[in-house]
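S.K.: Reproduced below are the annotations present in TrEMBL:
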- 69-74, 121-124, 156-165, ASP191: FMN binding site (BINDING)
- ARG281, THR517, SER578, ARG579, LYS584, VAL585, TYR586, VAL587, GLN588, ASP621: NADP(+) binding site (BINDING)
- ARG407, ARG437, TYR438, TYR439, SER440, CYS455, ALA456, VAL457, TYR461, GLY471, VAL472, ALA473, THR474, TRP659: FAD binding site (BINDING)
- 63-207: domain 'Flavodoxin-like' (DOMAIN)
- 262-503: domain 'FAD-binding FR-type' (DOMAIN)
- 6-26: transmembrane segment (TRANSMEM)
Amino acid sequence: MEETLFSNLDIFLFSLIVGLLIYWFVFRKKKEEIPEFKKLETPVPTTRETSFIEKMKKTGRNVVVFYGSQTGTGEEFANRLSKDAQRYGMRGMAADPEEYDMSELSRLPEIENSLSVFCMATYGEGDPTDNAQDFYDWLQEGDACLDGVKYTVFALGNKTYEHYNAMGKYVDKRLEELGAKRIFDLGMGDDDGNLEEDFISWREQFWPAVCEHFGVEATGEESSIRQYELVVHADMNMNKVYTGELARLKSFETQKPPFDAKNPFLASVTVNLKLNKGGDRHLMHLELDITGSKIRYESGDHVAVYPVNETAMVNQIGQILGVDLDTIFSLNNLDEESNKKHPFPCPTTYRTALTHYLDISNPPRTNVLYELAQYASDPKDQENMRKMASSSAEGKALYHSWVLDARRNILAILQDMPSLRPPIDHLCELMPRLQARYYSIASSSKVHANSIHICAVVVEYQTSTGRVNKGVATNWLKNKLPCDNGHKSTVPMYVRKSQFRLPFKVSTPVIMIGPGTGIAPFMGFIQERAWLKGKGKEVGETVLYYGCRHRNEDFLYQEELEEFERTGMITQLNVAFSRDQEHKVYVQHLLKKNKEHLWKLIHTESAHIYVCGDARNMARDVQNAFYEVAEEMGGMNRTQAVDYIKKLMTKGRYSQDVWS
């Protein structure tokens, strides 16, 4: 009996050991096969190529063109310069500074005859663009030695803004301070004038200077250089075809936070109201539902929306070029080493590309005309297109009058030049990307946590050719009704943070100046201060200067503003009705009229000033009004008054959210 029991125990123990060994072996094998377990055992960091120097060496490039771009123009200019290099016996590459380790700039002299070019746009109040922020921080904080680095800078800005071309000027100056050698003067592009013309004029002088510096000569190759090759997909699974997404395929079907420029949230439109009671314009108020998105915003932030082009325009381009817009295609970069594999998400259809990805409503730049000229069968058309792309006075004048002044977009050009019939794939390669449109948020998240409000005016005007041009985004938003044939209308959007902020201390007085749709951020400011007051906080004076044409036509948010005034939330509501009397009255006139009260708030009570709206005229006139107030009430001369207001700006007590 004991012997039998012992044998059974032996067998049991033996089986247990074998089982444990098998389990251990299988489990270990599984660990080797499952990436998560491998990561736990031996964490191997995955790194992307961040050395533009190594990339340049590997691909035989000696010119790198970095771009700081918010709306795509800086990137477009960088691409044009990098393509130009080939015509001068050099090889260029356009590069996004966000994708590379910019401290590698000090290694550029390792490459013979190397040159770095910077196309830098300025955004907001003299700020870098989003993609150039890290580069800007590195320049500010770093003390790199850039001896032997050769560079030049082309700045993109707008003269109507206070900090005109601040980013380009800073990069130009800072690179020199770090030891780099400027080989050509800083270029200044002014979008208030003619940015394209400024760029062409600078570029025409830049390349001869490069030739002289490096001892190279133009090869004379002025032929069109294609950057992408066309691939048509005959039998493509539609699940692999982009239908308007910006980065991740099917991102509009399966939404995943966080939401940003490359992954916008599809917000439902819950309210779409016409605000004005009369007049020939359409001023609107929209509310976007952000429930469940985890999107957070603060008063003063901007909402970016991605519009689509008008269907009729897209169809007309397809008809003129005689193409099936539902053809599925890809444009693949001929440079296999490039980070940018396609000009927009591919594979897609021509219809989707023209609707979602390409800017077909703005007048095309001269490089587009130059490249398309080869497809004009009429020699006269070909000559005129090439002339418009030249730097000659006659060519510039023709481009200005025939394209810019007449506001001819690509459709109008195709209609007015019957001999011009380019292949649609080349047209798609050349057209710039359709960009997001930014609007000042007209609500406070303290009051509307799950809703973002927009206040905008619909853009529509007749051109000198008799055509009616429509603003892409505003006309698209106008038609976004809360319930469209039983379906919810949605808007792809994300929030861009702003520096336009209420004072940290609630008791600090605020002076807000916002005529027209410039009222938008102040609706958020007033809502927030009312909410704080309701919580028992001691809220400082809240003064608003608003302007519109007629009291009975376009006094936006009249009922809400008058109610805020009645309850004492707005301590002073000043409204300028510019056309309700013989002589025009604007917000700046009311500012000067109330100079005593304004000076007391600014000089004695440390009030914060906020200006929102048109940069070209209103913002400048308002600033001049404040200079006059400082002169008259502060006993200053003009130089002292200007210095006084500039100091307020430096201290963050005079903020502007303006556009041109």
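Placed from the backbone N, Cα and C atoms, the Cβ positions cover glycine too.
A description of the local structural setting of each listed feature is requested, covering burial, neighbours and distances.
M.R.: Sequence-distant neighbours of ALA121 (FMN binding site): residues of the same chain at least 6 apart with a C-beta under 8 Å from its C-beta are TYR67, GLY68, SER69, GLN70, THR71, THR73, GLY74, THR129, ALA155, LEU156, GLY157, MET167, GLY168.
Within the same chain, the residues at least 6 positions away from ARG281 (NADP(+) binding site) whose Cβ sits under 8 Å from its Cβ are VAL457, VAL458, ASP554, listed in sequence order.
Counting every protein chain shown, 17 other Cβ atoms lie within 10 Å of the Cβ of ARG407 (FAD binding site).
Summarising model confidence by region, the domain 'FAD-binding FR-type' (262-503) averages a pLDDT of 96.
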S.K.: Give the distance between the Cα atoms of GLY124 (FMN binding site) and THR474 (FAD binding site), rounded to the nearest whole Å.
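M.R.: Answer for this pair: 21 Å between alpha carbons.
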S.K.: When the Cα of ARG407 (FAD binding site) is compared with the Cα of each of the binding-site residues GLY72, TYR161, LYS584, GLN588, which one is closest?
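M.R.: Going through GLY72, TYR161, LYS584, GLN588 one by one, the closest to ARG407 (FAD binding site) is GLY72.
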S.K.: What is the one among the binding-site residues SER69, SER440, SER578 whose Cβ has the most other Cβ atoms less than or equal to 10 Å away?
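M.R.: Sorting the candidates by Cβ neighbours within 10 Å, the top entry is SER440.
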S.K.: Within 10 Å of the Cβ of GLN588 (NADP(+) binding site), how many other Cβ atoms can be counted across all chains shown?
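M.R.: Excluding its own Cβ, GLN588 (NADP(+) binding site) sees 23 Cβ atoms within 10 Å.
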S.K.: Based on Cα distances to LYS584 (NADP(+) binding site), point out the closest of the binding-site residues GLY72, ASN158, TYR161.
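M.R.: Closest candidate to LYS584 (NADP(+) binding site), judged by Cα separation, is TYR161.
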S.K.: Please list residues from the chain of THR474 (FAD binding site) whose Cβ is under 8 angstroms from its Cβ, counting only those at least six apart in sequence.
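M.R.: Within the chain, THR474 (FAD binding site) has Cβ neighbours under 8 Å at MET284, ALA456, VAL457, VAL458, VAL459.
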S.K.: Give me the largest Cα to Cα distance among ARG407, ARG437, TYR438, TYR439, SER440, CYS455, ALA456, VAL457, TYR461, GLY471, VAL472, ALA473, THR474, TRP659, the residues the record lists as binding FAD, in Å as a whole number.
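M.R.: Taking every pair among ARG407, ARG437, TYR438, TYR439, SER440, CYS455, ALA456, VAL457, TYR461, GLY471, VAL472, ALA473, THR474, TRP659, the longest Cα gap is 27 Å.
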S.K.: Residue counts in helix (H, G, I), strand (E, B) and coil for the domain 'Flavodoxin-like' (63-207), per DSSP?
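M.R.: Taking the domain 'Flavodoxin-like' (63-207) as a whole: 65 helix, 35 strand, 45 coil.
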S.K.: Between the Cα atoms of TYR461 (FAD binding site) and GLN588 (NADP(+) binding site), what distance do you get, rounded to the nearest Å?
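M.R.: GLN588 (NADP(+) binding site) has its Cα 28 Å from the Cα of TYR461 (FAD binding site).
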